[in-house]
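**Q** From Swiss-Prot, for reference:
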{"type": "REGION", "residues": "1-80", "note": "region '5-fold hub'"}
{"type": "REGION", "residues": "1-45", "note": "region 'Disordered'"}
{"type": "COMPBIAS", "residues": "19-30", "note": "compositional bias 'Basic and acidic residues'"}
{"type": "SITE", "residues": "A220", "note": "site 'Interaction with the intermediate capsid protein VP6'"}
{"type": "SITE", "residues": "F224", "note": "site 'Interaction with the intermediate capsid protein VP6'"}
{"type": "SITE", "residues": "M228", "note": "site 'Interaction with the intermediate capsid protein VP6'"}
{"type": "REGION", "residues": "394-414", "note": "region 'Hydrophobic'"}
{"type": "REGION", "residues": "422-442", "note": "region 'Hydrophobic'"}
{"type": "SITE", "residues": "M840", "note": "site 'Interaction with the intermediate capsid protein VP6'"}
{"type": "SITE", "residues": "M842", "note": "site 'Interaction with the intermediate capsid protein VP6'"}
Amino acid sequence: MAYRKRGATVEADINNNDRMQEKDDEKQDQNNRMQLSDKVLSKKEEVVTDSQEEIKIRDEVKKSTKEESKQLLEVLKTKEEHQKEIQYEILQKTIPTFEPKESILKKLEDIKPEQAKKQTKLFRIFEPRQLPIYRANGEKELRNRWYWKLKKDTLPDGDYDVREYFLNLYDQVLTEMPDYLLLKDMAVENKNSRDAGKVVDSETASICDAIFQDEETEGAVRRFIAEMRQRVQADRNVVNYPSILHPIDYAFNEYFLQHQLVEPLNNDIIFNYIPERIRNDVNYILNMDRNLPSTARYIRPNLLQDRLNLHDNFESLWDTITTSNYILARSVVPDLKELVSTEAQIQKMSQDLQLEALTIQSETQFLTGINSQAANDCFKTLIAAMLSQRTMSLDFVTTNYMSLISGMWLLTVVPNDMFIRESLVACQLAIVNTIIYPAFGMQRMHYRNGDPQTPFQIAEQQIRKFSGSGIGWHFVNNNQFRQVVIDGVLNQVLNDNIRNVHVIKQLMQALMQLSRQQFPTMPVDYKRSIQRGILLLSNRLGQLVDLTRLLAYNYETLMACVTMNMQHVQTLTTEKLQLTSVTSLCMLIGNATVIPSPQTLFHYYNVNVNFHSNYNERINDAVAIITAANRLNLYQKKMKAIVEDFLKRLHIFDVARVPDDQMYRLRDRLRLLPVEVRRLDIFNLILMNMDQIERASDKIAQGVIIAYRDMQLERDEMYGYVNIARNLDGFQQINLEELMRTGDYAQITNMLLNNQPVALVGALPFVTDSSVISLIAKLDATVFAQIVKLRKVDTLKPILYKINSDSNDFYLVANYDWVPTSTTKVYKQVPQQFDFRNSMHMLTSNLTFTVYSDLLAFVSADTVEPINAVAFDNMRIMNEL
């Protein structure tokens, strides 16, 4: 095409020179006529002889003919000189360029099974703490007392519901819940032991140290600590470790030990873990060269099929999943090798087309875009799009008949569903109106947009009516995936007539029938161009058969490594495919077989398994959190935050760009799913022990007492002088939750007006301020006025304040005869006192086992050399030499 342009400019220059010469000749003729008339009219006699100018003109004519022949030779030479420019300068514009999104690929490959995390400590909500004892006058005693307090007492500031605290606690438990516990890995030395014994973890050891050093600890307890050590039963592969735990923490850890996810691992399990189709593939040799020990363990991946049906009405989520799957699939599709030399093939095509300097432009376009990069890109795009079920769109030029004829092969081999409808219709319409209808002399097809039938389906009927027989290409209209469930996974399988390449032979018959038609309404050049294009493709029948088998084999081999159902729904965005790159693939495919290496297959399989397993675990977490929120009566809790957190933990989604309607639809689907048993049991454990957890917190009260008359502060051993009530004897009680639910505050108002204190019972947060004066100033405004006047209980925050020897206001009590009072009292139950004997537990686990996360590392795999490349029907993939 480049040499055409240059030739065209040379011809244009020649034409310009001719025009200039013609003008000069006209002027000369006029001058000659004038001179001739003058001579005729003049009476002078002149002798006429040959002028020197005429002799010069003859010489110039001879020279010009020589120059024209030289220019013609130059024009002919440009074809050879500029073939490379044809290939690289102009035509590479039509090559599809794929830019791999490295970040998405890295995110996918970085998803590792979370089972690999190693536990170094037991799970704990509580820890024992030493608290001082206060005398009646507010001074500290020298003795102290041990209480169980919350390890993470994190109630955020602001309007916060205690129920949300428990929801966050549950989320924390789910995050820290171990998949397996091996106590030997976390055991540490007991410093106070007589015989270098070990306790279960470092926190147990530090508690033992603190108790041992406490002066008030009994001698019997010290002696017991000195005896604390592990007990091994080697014959049963069991070890017992002493631990110091709150009874609730013990229940958690005992549950984790009893419900570990690890299972015994042996060679059979590993071999069966490999997809069956790869195990049975004669092109691969799989071998295991060692046995696993009896202590080998693994965690079975969670490969439940998609319970959310993300392909159904989740357009942006589905688009993201298919995009990431497409990028992953492209990275594992093998590169073509030993392709036909591009220059040699273009030269051969030029000879077949009998290209000359003055050949019509439509035939020179046949060579457009043919190069090995485009061929390889097309091969990878087709297989990766089918594996990820990404929709493709076709890009083509109607005047390039060769690319349209190549498109006929593409539509024969790749199911119609893989292309966006509008693009498929446009391509089929171009083929019908450019090749098929002109062959029979039929008028152009005018396709009505939105017609349920495709142009090919309409053409099939019209040609049968027009000519009495079709062109034998009806199979292209029935080219759909077959849905087959293999090993519990829905696979989109190519039809058997594609896999055994019968369709290629039928395609060739149809093309040959088209080339034999007369093209009655078209010029001869048009007919010749179409026939030559068909000839170019039919000359490579053997290679097309091999290419189709190669495409099908690579697709099906990689498909065996897909673990999630291959749902087919058209995607929002599409992968562009140039028909010129399809021409490159058809014309340059050689006879070298390429199949995925075993290492590539294993890598692809592992990444798919890890993503799928993580996906299911995150679904289980989200379902559990939603169920917990409902059970805790958090009706006003925004579920969108839970769904956003779920999507973030899947790594591949840009959560901020997901539309709200899809977020809420996702929430509704998550609500319908059942909770996984382990997560449900854990929540029930928390629910049963909410009272103990509230008691251990310094920020949660069990109620508030309000009155019109001031109530005196009372002495408390744990705090000094405080507005804390330890029991509700003598108070009228109202349930805080019922009050908030009904909104009827008349009962409280009546009681307060009758000077009767009211106790509102229920968990609620309280704030602490050490300045008594500022507290007394705030009290009426913050608590009393809100309940009686505004009647809003949901913002109630009872205020705890204390006056003791640690307080800034202790001097008020020490130096003055002043009795501090308050209109509110905080109802707070006493936390559980630490008792060494009740906190001492023995935990049992396996003495030793080894958890393997990468099962395929034990399998040595190789391809059969030389590659037999046998397809599903025991025929060689590449037969053509």
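Backbone N, Cα and C define each Cβ position, glycine as well.
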**Q** By Cβ count within 10 Å, point out the most packed of the recorded sites listed: M228, M842.
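**A** Counting Cβ neighbours within 10 Å, the top one is M228.
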**Q** Rounded to a whole angstrom, what is the C-alpha distance between M228 (site 'Interaction with the intermediate capsid protein VP6') and M842 (site 'Interaction with the intermediate capsid protein VP6')?
**A** 10
**Q** Check each residue in the chain of M840 (site 'Interaction with the intermediate capsid protein VP6') that is at least six apart in sequence and keep those whose C-beta is under 8 Å from its C-beta; list them in sequence order.
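**A** Correct list: F224, P242, S243, I244.
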**Q** Across all the protein chains here, work out how many other Cβ atoms are within 10 Å of the Cβ of A220 (site 'Interaction with the intermediate capsid protein VP6').
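**A** A count of 10.
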**Q** Let's check the environment of F224 (site 'Interaction with the intermediate capsid protein VP6'): how many other CB atoms sit within 10 Å of its CB?
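**A** Other Cβ atoms found within 10 Å: 16.
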**Q** Given A220 (site 'Interaction with the intermediate capsid protein VP6') and M842 (site 'Interaction with the intermediate capsid protein VP6'), what distance in Å do their CA atoms have, once rounded to a whole number?
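**A** Each residue's Cα considered, A220 (site 'Interaction with the intermediate capsid protein VP6') and M842 (site 'Interaction with the intermediate capsid protein VP6') end up 19 Å apart.
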**Q** Please average pLDDT over the region 'Hydrophobic' (394-414) for the predicted structure.
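**A** The average pLDDT of the model in the region 'Hydrophobic' (394-414) works out to 91.
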